[in-house]
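If you check Swiss-Prot, you get these features:
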- 1-30: region 'Disordered' (REGION)
- Lys21: N6-acetyllysine (MOD_RES)
- 43-90: coiled coil (COILED)
- 125-155: region 'Disordered' (REGION)
- 139-151: compositional bias 'Basic and acidic residues' (COMPBIAS)
- 168-375: coiled coil (COILED)
- Lys348: N6-acetyllysine (MOD_RES)
- 429-898: coiled coil (COILED)
- 507-622: region 'Disordered' (REGION)
- Lys510: N6-acetyllysine (MOD_RES)
- 527-540: compositional bias 'Basic and acidic residues' (COMPBIAS)
- 543-552: compositional bias 'Low complexity' (COMPBIAS)
- 558-622: compositional bias 'Basic and acidic residues' (COMPBIAS)
- 922-961: zinc finger (ZN_FING)
Amino acid sequence: MSGIGNKRAAGEPGTSMPPEKKAAVEDSGTTVETIKLGGVSSTEELDIRTLQTKNRKLAEMLDQRQAIEDELREHIEKLERRQATDDASLLIVNRYWSQFDENIRIILKRYDLEQGLGDLLTERKALVVPEPEPDSDSNQERKDDRERGEGQEPAFSFLATLASSSSEEMESQLQERVESSRRAVSQIVTVYDKLQEKVELLSRKLNSGDNLIVEEAVQELNSFLAQENMRLQELTDLLQEKHRTMSQEFSKLQSKVETAESRVSVLESMIDDLQWDIDKIRKREQRLNRHLAEVLERVNSKGYKVYGAGSSLYGGTITINARKFEEMNAELEENKELAQNRLCELEKLRQDFEEVTTQNEKLKVELRSAVEQVVKETPEYRCMQSQFSVLYNESLQLKAHLDEARTLLHGTRGTHQHQVELIERDEVSLHKKLRTEVIQLEDTLAQVRKEYEMLRIEFEQTLAANEQAGPINREMRHLISSLQNHNHQLKGEVLRYKRKLREAQSDLNKTRLRSGSALLQSQSSTEDPKDEPAELKPDSEDLSSQSSASKASQEDANEIKSKRDEEERERERREKEREREREREKEKEREREKQKLKESEKERDSAKDKEKGKHDDGRKKEAEIIKQLKIELKKAQESQKEMKLLLDMYRSAPKEQRDKVQLMAAEKKSKAELEDLRQRLKDLEDKEKKENKKMADEDALRKIRAVEEQIEYLQKKLAMAKQEEEALLSEMDVTGQAFEDMQEQNIRLMQQLREKDDANFKLMSERIKSNQIHKLLKEEKEELADQVLTLKTQVDAQLQVVRKLEEKEHLLQSNIGTGEKELGLRTQALEMNKRKAMEAAQLADDLKAQLELAQKKLHDFQDEIVENSVTKEKDMFNFKRAQEDISRLRRKLETTKKPDNVPKCDEILMEEIKDYKARLTCPCCNMRKKDAVLTKCFHVFCFECVKTRYDTRQRKCPKCNAAFGANDFHRIYIG
């Protein structure tokens, strides 16, 4: 009877009817095979025997049906394999055909310049490979997907249209597709022919000799190539977009395939397990059925009758013990209970396994999604993140410092190169300037020589001309010599007055320092009357000198002629001595200048080396510099006075000697300057060579700066010398003109001497000159006083600057002290922080070690818990088995203890009949018989319950919750 629950194969059609034999048996009801039932004592026994025979016949029919089902299943599997191969081949053909059409379309878009992409797409079929349609409502997920996709437009593929169409429609559609492919190929051929013709035409135009045709061909070719380039660009963009979408779809499909493959493998394993279980149960059922059939045949063939404790069969020798039969029934019930318990346990284990698998999947999903969050929430990750942020900020700072250092390096290199280039340019320009100046000096020397020759010729001519005016000139020279003597006397007096004035000024300064402003006013009031007698004394002396000069001129008129020659000789000798003295003075001045340059260089070097010294040394140096400047100022004043005296002597000398002396002096001066410049040029070239060798050193740079300053100083000095030379030349010209004027004036005077007294005129002129000299001395005195005041103001300003610098130095020293204190505090704090960091690192290491130990203990505890749970489950299993054994043994004990209470065979059969009826009734409504089976799980219910569940969209099995669709249930017929 257990064979009623056998399941149908999945590939069997749902609406199939039972065989004709079965239907005929049900319809007729009388064409039943005759069976011997043996001796029957009551109607109940008759019902029991009829039911037993029906059961045996049903078992035979079920065996036959099962064999038929196996054959049909094999046939269906063959057909499915064949259909799968046919579908695969169709899919391959469709895919390659669609790829062929796609390639043709791309080639047409590539080469067809007249046809657009839209025209091509209208002719083309949708050649997408269809996805295999899922079984309708196979499970809840597919049902939900189908319900979700009901609103979307269906994407009809070529194979889907073929599958849904008849044979004639299929042939027409295939013909249309072949025709479209043929048209596309013919279009490619025509496009290729057009391109070939166009290329041949362009080649003919290019090969033709006409320039206009060649230019037109080139322009046409350029436009064609540009258009082709645009089309290629569009095509590449389209293909790239398509490749991107296809790659995305491929990745999605690949993930789906992987999930489907994993699911298929799981389902296959489940199917194998279930198939093995089904085969096992079927074999057991067949064995029991055969055994039961044999027993029934024996009983029916020989007949039997039960008597109390034992029974004997009429017409045979076999006896059956009723007690043994009851024991067998009890064992059967126990076995059923055990089987039911085992099934319940297996169901529980299966549910537990499903729950564990679902939980495992959920945990996997959560692990995939929540691993990052968990890792981010860990303290180690946060610590690493903080360390990373700190290191990243430090790396950014170091990168910024590196960039700044690189920029500074590049800037310093650029500035260094720029400075070197500027120095080289300056050197080249200075060399050029020196060369040009040397050339100019040589030119001027040549010009001076020429002028000297011209002047010498003129001098000879003037000598020849002046021999006639000799006596007049001698008289004039005698007068000029007397006037010069008188001027010397006046100058001596002036010098004496100046000395007195300096002494008075020094006394005045002392008294000013002692007494103050009141005494200054008294001194200024006392100086005014002193100046007046100083002015009156020369007037009286001038008058006395005039009177004495007039007397001497009258008395010595005869002696003048005899002494003129001697005076001329003495003058020439004096002039030579003066020229020698001038040359010596010039040489001394040059030596002084060189010494000054050396001293200035030494002072610069010492200033550079002692920049970090104290301010007291600076004050001393400033005082020494001021003293040197005062000494130089005195020397300059003395040289100025000497130059004035020389000018007076030049003016007093005759024109011929003066011109000669001037020319000789100019020639010597120019020669000396030329030699000096050449010597300087050689020195500069030597220095340049040395400095070029030592260009990289800082000493070389310092020397270059010193040489540049020296060059600037020499240039300034040379410019000053040129200016002085030009001024002297201008003064010489002025004095020459004045001398000529004096000659004319002397001629007039000689004419007037006859009419007037020459002595008065000379005395008056000398008095005017002395007054002018006195005025000049006053002006010089005022200028010196102004210079002294300016020097004082400069000294005061420098003292204020020194004070400010000292204050700044004190402030900087205090700032340095505070900075050092702060630095010490910060270093202490840094050391404390380092110690704290070390302690924190040690604590972290200790905590890590403790954490590892705790994790190890936790793992050990978990392993122990798992082992304990496993042992507990084993103990529970053993306990259940022991309880079952105890219950079984108790039942045996009860049966052995109470043999009288054993029920009769009729009651047992009635109970079995009730059990079978209960099994044949639907478990959902408990009213109707089972006449429908679910092909997904092979559970049997009544057709009305299944239909109502399908109509109310509760499409799940009431027992196992397996989803089913419209094609997943059908009727069955149980006789």
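In case you wondered, yes, glycine gets a Cβ from its N, Cα and C as well.
What you see is a predicted model, and the numbers here were worked out from it, not measured in a lab.
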Cβ-Cβ neighbours of Lys348 (N6-acetyllysine) (radius 10 Å):
10
Lys510 (N6-acetyllysine) in three-state DSSP notation:
helix
Confidence summary (mean pLDDT) of the zinc finger (922-961):
88
Report, in whole Å, the straight Cα-to-Cα distance of Lys348 (N6-acetyllysine) from Lys510 (N6-acetyllysine).
131
Going by DSSP, is Lys348 (N6-acetyllysine) sitting in a helix, a strand, or coil?
helix
